[in-house]
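Peer 1: Can you keep this structure in mind? I'll have questions shortly.
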Amino acid sequence: MIKILWIFGVLAVVFPANNVLGKHLNTHHLTYEDLPLSQRRFFNNIRALLQKRLNQNAVAESDWPSFNHALDSPHNALADNDNVAKSVVAIPTPVLVENWPKVAHRFGQVTAVSIDPYGNPVIFHRADRFWDSNTFNETNNIFYYIENGPIKEATIYTLDAKTGNILSGWGENMFYLPHGLTIDTHGNYWITDVAMHQAFKLRASESQPLLTIGTPFRPGSSVKHLCKPTSIAVATTGEFFVADGYCNQRILKFNAAGRLLRIIPQPPEFLSLQVPHAITLLERLDLLCIADRENMRVVCPKAGLKSSKGEGQPAATIQEPDLGRVFGVAAYDDIVYAVNGPTSMLPVRGFTINPKSETIIGHWGKFKNPHSIAVSSNTSTLYVTEIGSDYQANRIWKYVLV
C-alpha cells in the first residue's frame, strides 16, 4: 500500500518493501519523469484532491512542496527506523457525482435542500410559482396572490441518495412561496414561507405544525412577526435560530418551546446584516454562520449554546474579493461549505471556508444560479440546488466529500 507522509518538512511517498518501485527508491535517485505513466497519474490525482485543501491551522498552504520536489528531495528514501512524521489533516473536497439523478425531474424553483435521518436528500420547491417584481407589494411586503390559495401539488420531495429517484412527496395545499428547509436530527421539518411570513416545525407528511413563528400574511418587525424569513438552523439542544430575512435583517434565537431568547444583532453588538439568506451551526465552535448575502460575506457570531459568554463580541468574518453574494452555507465539523450566486463577473461556484482562520481554503463546482446547500456528516455527501425559469434550470447536484 502506498503511503503519503509529511517527513522533515517535505512530502514523502512510501512504498511497501515488496514493491518494485519501492526497492528502486531505496537505491536510486528518482524524479517525477522517471515514474511510469500510471504512477504519474496517481500523483496528479492526489495533487488535485489535496492541493489547497489543508487545514491551515495544521500546515500553512505555502509549506506544501510540489510532488516533483518531494521526489527529488534527499529525504525521499526512508530508513526503517524513520518514525518521526508530522500528520496532515486534509479538508474534504466536494467531487461531483456524474449522472445523478438517474432520471431528470420537472421541479419548480428548488429553493432548499436538507438531508433526512436516513441520509436521503429532501428538496423544497415552488412548483409553478415564481418570485419576481410582481409577487409582493414593495411598500408593505404583502403577498399579492393570497387569493390563489396554497400550492396545490406536493412541495416537498424525498429523493433516493443512490439514484436520485423520488421516494415520496408531500406538502400539497400547505405553502404559498417556499424558501427554507432544515431537517433536524429527530426528523422534524423546519420550514420558512416568505409569502406567509412564517416559520414552521412539522413532522414528515403532516399538515398540522408542531410550532409556528410569525403571523400569517402579516409582515412586521415585532417579536410576534416575521418578514420574509429565509432559513432555520436547529441545535442538538433543541434551540433554534430563524433568519428573518429579507426585510428585518436579523436572526432570532428561540428555546425548544419557541420562547424568544435573543435577537442578533442587538446593542452593543456591532453587526449589520443585509439579507441573511441562510444560516448553519458549528456547535463544537459554538458559532452560528450566516450567509450575509448582500454584504457578500459569511459572518459567524457566537451562538451561545454553551453559555452566553462571548455573545455580542465581534463575529468571525470571511469576506474575500472572489466570494460574491453568498446564498447558502452548510456546516461540516468545524468548516463551512458555501455557494455564491451571480455577482458581477465573478465565477459562480462553491467555497470551503475555515471560520477559525476566517479564510477561504478551497473552491469547487461550477453553477449558474445556486440557492441552497446541505451536507451530511454521516454519509459524506453534499447537495446543491439551483433555481431558474424552467424545469431544466431547477435542479439538484450531488457531491461526495473526498
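Each position is counted from 1, following the chain as shown.
Every residue, even glycine, has its Cβ placed from backbone N, Cα and C.
Bear in mind that TrEMBL entries carry predicted annotations, made automatically and left uncurated.
According to TrEMBL, the protein has these features:
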type: BINDING; residues: VAL113, LEU181; note: Ca(2+) binding site
type: BINDING; residues: ARG126, TYR246, ARG293; note: protein binding site
type: BINDING; residues: HIS179, HIS277, HIS371; note: Zn(2+) binding site
type: DISULFID; residues: CYS227-CYS247; note: disulfide bond
type: DISULFID; residues: CYS289-CYS300; note: disulfide bond
type: REPEAT; residues: 224-257; note: repeat 'NHL'
type: SIGNAL; residues: 1-22; note: signal peptide
Peer 1: Measuring Cα to Cα, how far is CYS227 (disulfide bond) from TYR246 (protein binding site) in Å?
Peer 2: 7
Peer 1: At the Cα level, what's the spacing in Å between HIS179 (Zn(2+) binding site) and CYS247 (disulfide bond), rounded?
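Peer 2: Each residue's Cα considered, HIS179 (Zn(2+) binding site) and CYS247 (disulfide bond) end up 14 Å apart.
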Peer 1: Looking at protein and its recorded binding residues ARG126, TYR246, ARG293, figure out the farthest C-alpha pair and report it in angstrom, whole number.
Peer 2: 21
Peer 1: Quick one: average pLDDT across the repeat 'NHL' (224-257), no decimals.
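Peer 2: 97, rounded to a whole number.
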Peer 1: Compare the C-alpha of CYS247 (disulfide bond) with the C-alpha of each of the recorded positions VAL113, LEU181, HIS277, CYS300, and give the closest one.
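Peer 2: The answer is HIS277.
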Peer 1: List the Cα distance (Å, whole number) between HIS371 (Zn(2+) binding site) and VAL113 (Ca(2+) binding site).
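Peer 2: With distance taken Cα to Cα, VAL113 (Ca(2+) binding site) is 9 Å from HIS371 (Zn(2+) binding site).
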Peer 1: Cβ distance under 8 Å to LEU181 (Ca(2+) binding site), same chain, sequence separation 6 or more: which residues?
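Peer 2: LEU181 (Ca(2+) binding site) has long-range Cβ partners THR111, ALA112, VAL113, SER114, VAL122, ILE123, PHE124, ILE156, TYR189, TRP190, ILE191, THR192, SER372.
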Peer 1: Summarise the repeat 'NHL' (224-257) as counts of helix, strand and coil residues per DSSP.
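Peer 2: DSSP composition of the repeat 'NHL' (224-257): 0 helix, 16 strand, 18 coil.
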Peer 1: What is the separation, in Å, between the Cα atoms of HIS277 (Zn(2+) binding site) and CYS289 (disulfide bond)?
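Peer 2: Roughly 11 Å, rounded to the nearest whole number.
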Peer 1: Within 10 Å of the Cβ of HIS179 (Zn(2+) binding site), how many other Cβ atoms can you find? Include all protein chains, please.
Peer 2: 28
Peer 1: Restricting to the chain of ARG126 (protein binding site) and a gap of 6 or more, list residues whose Cβ falls under 8 Å of its Cβ, or answer none.
Peer 2: GLY108, GLN109, THR111, ILE151, THR155, LEU177, PRO178
Peer 1: Whole-number answer please: how many Å between the C-alpha atoms of CYS300 (disulfide bond) and TYR246 (protein binding site)?
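Peer 2: TYR246 (protein binding site) has its Cα 19 Å from the Cα of CYS300 (disulfide bond).
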Peer 1: In whole Å, how far does the CA atom of TYR246 (protein binding site) lie from that of CYS289 (disulfide bond)?
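Peer 2: Given the Cα positions, TYR246 (protein binding site) is 17 Å from CYS289 (disulfide bond).
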Peer 1: 10 Å Cβ neighbour count around HIS371 (Zn(2+) binding site)?
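Peer 2: Excluding its own Cβ, the number within 10 Å is 23.
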Peer 1: Report the residues of the chain - excluding HIS179, HIS277, HIS371 - with C-beta within 8 Å of the mean position of the site's C-beta atoms, for the recorded Zn(2+) site, in sequence order.
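Peer 2: So the extra residues in range turn out to be THR111, ALA112, GLY180, THR230, SER231, ALA278, PHE327, GLY328, SER372.
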